[in-house]
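Colleague: Among the features that TrEMBL reports, Mg(2+) binding site is placed at A:E39, A:I367, A:H417. Annotation comment: TrEMBL describes A:C58, A:C61, A:C411 as Ni(2+) binding site. Per TrEMBL, the feature Fe cation binding site maps to A:C61, A:C414.
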Amino acid sequence: MEAKPLTRVEGEGTLKLILKDDLVQDVVLNIFEPPRFFESILKGKRFEVIPDITARICGICPVAYQMSGIQAVESVFNVKVSKEVEDLRRLFYYGEWIHSHAIHVFFMHLPDFLGLSSFFEFLKLNPDLSKKALFIKQTGRKILEVIGGRDVHPVTVCVGGFTHFPKDEEIKSLIPSLEKSYDYSLEILDFLSTLNFPQHLLPEDILFVSLKEEDHYPILKGKIYLSTGVGLDKDEFLKYFYEFEKPHSTAKYSKTKDGKTYIVGPIARFNNSFDNLTENSKKIALKYGVKPVERNMSKTIIVRVIEILDSIERSIELINLYQKNSLKNEKYEVSEGEGTGVSEAPRGILWHYYKINSNGLIEKANIIPPTSQNQSVMEELLRKNLTNKELKDESTLISYGEYIVRDFDPCISCATHFLKIDKLNLDNR
Amino acid sequence: MRVGIFKFSSCDGCQLSFINLSGELAELENFSIDYFLEGQSVNNYEYFDFSFVEGSVSTTEEIERIKDIRERSKVLVGIGACAVSGGVQSIRNFRNIDDIKTVYNTVDITKNVLENALPISQVVKVDFEIRGCPVSTDVVKDFINSILIGKSPHNYNYPVCLECKRRGNICLLVLNKPCLGPITTAGCNALCPSVNRGCYGCFGPYKDANIEAFYNLFKEKGWGIRDFIENSLNPYNHLFVEKLWKQNL
């Protein structure tokens, strides 16, 4: 394996429409977020910086970077953390799922269904429900702060465990807000079920790729599972998938080695691991009209709320088991070698690879984030929905394209207005 | 008050403080967010009383863009380590750019990339800076409150140690753990020392830090300061490294 590019995970891009006689002929998703070269800047630094530096790839999902990264280092050093430490990491990660999903559902995705410009407008339109939405987001944030010190770029994750374990009462104090958030999420689902869901259908032959965990809906670790039934070990990632560059994009693309397009993220997890949702979550999903195999990307807003509910239920279980005095960090010795780590970031599987030398210095790094894996399918779905559309009204076409992109919760959707139409008229070439 | 929130090369983490404050901001009468790509799809790019800028300037396009924002802004505020001192991108400022670029095989992709990731103050005049990687939502809230009532924002030009004392932490240096608290700007409420970890300097150096004394302390303890810097604060603060390197460590 060799050090491969780190791709852009958020920021800016354009949608290029190729037109003939004002009919869309082709679509190119153009991501031009400045490259930040994480894999290069990690080289030569000590392994301890991995949770700190890779967290800075994304302010909305730093814990995902810390979890995949630390797993990779622990693989190199052959460290196996205790069940209790693993549970605390899981709870920490649920905090990020709740927080990140709430941001996407309410701030990025919901305004599209209502024809609004922003969540700020929703706050004025429906103050009651929007305050409940903010409460859910804040609950996720609180978990992150109690375990990680702060919500963005938390500071406590280290090889073998955590620098600090919260007191029992700090962890238990999270329960009332979680319970309230559970009820609020159900109210949100009631509201969402009154909306129209446009048909943003994924192609029939798409592969759903997500992790599989035995007793849980996947989040922290596990085999990489393809909807064809293949299960891969985390070390085999590059045997089945490959990244490639296109000149118009600083984010890389990914496909399977045999050229198939795949998708990661909530819809893949939901379709592959529906059975591992809690009994309550399963019932709620069916009640609100989502079940495997779901192919409509606009329904991912429902799937995300189901994942919030599932995370809340699992969090409460873990909190009830929590006992500070049962926690202990695993000891380790620095040794040379290679290792990989993979976990489910809110937007899909995030894979890390490191080669570390006997002094603990990083020799090679390779990070494959979910957004680059979804870039191919995002572009295909845009092409499918926009080709042959007539360019009568630019802003309608832009909004439509943006809507589809936001279904994916790409980190680049951080710039909600990232699709500016760049017309390339074939007639004038 | 017309407000713009902008992003340059960064992780989006500092802008999250505005998302966190959205409930409170929506209730303000004289506070209109005209431009905020992360938060809204209808944006008005004209003139701003206050512009908040996240991120470092790291491509030729970004130089032009920050200049244009400056021209349209009465007051420009840099938020976070990237804007203030280059941030994590600025690690490359101390490396060979051609090696750094090997991340991409296609040369075309990186042709507009600057050799150094710059703090915005190296390109345009900056009126205020809010430190942190990321900035603290409470500090941003306090800043907005201050400007709304026409008072100068709180000046954090004192070290993390003061916040540590206020929280009643035992000094990590006394416990023989490397910690950058004594030379780092406060504002995080002594985050790391409170969770059993030495400060790694993500808020950057404070102006009047006694770096010589700090260096001598490291020498006395037998800790390699250069290694510590390389593996801790370097990622977040170009400023820090420059300041310390000048001491000929």
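Each residue, glycine too, has its Cβ placed from N, Cα and C.
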Colleague: Could you tell me which of the binding-site residues A:E39, A:C58, A:C61, A:I367 sit with their CB under 8 A from some CB of chain B, listed in sequence order (or 'none')?
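Modeller: Among the binding-site residues A:E39, A:C58, A:C61, A:I367, the ones whose Cβ sits under 8 Å from a Cβ of chain B are A:E39, A:C58.
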Colleague: Using DSSP, would you call A:C58 (Ni(2+) binding site) helix, strand or coil?
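Modeller: In three-state terms, A:C58 (Ni(2+) binding site) counts as coil.
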Colleague: Round to a whole number and give the Cα-to-Cα distance in Å for the pair A:C411 (Ni(2+) binding site) and A:E39 (Mg(2+) binding site).
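Modeller: About 18 Å separate the Cα atoms of these two residues.
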Colleague: According to DSSP, which kind of secondary structure is A:I367 (Mg(2+) binding site) found in, if we only use helix, strand and coil?
Modeller: strand
Colleague: Between A:E39 (Mg(2+) binding site) and A:C58 (Ni(2+) binding site), how far is it from one CA atom to the other, in Å?
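Modeller: Here the two Cα atoms are 14 Å apart.
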Colleague: Neighbour count, 10 Å Cβ-Cβ cut-off, for A:C61 (Ni(2+) binding site): what number do you get?
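Modeller: If we count other Cβ atoms within 10 Å of A:C61 (Ni(2+) binding site), we arrive at 28.
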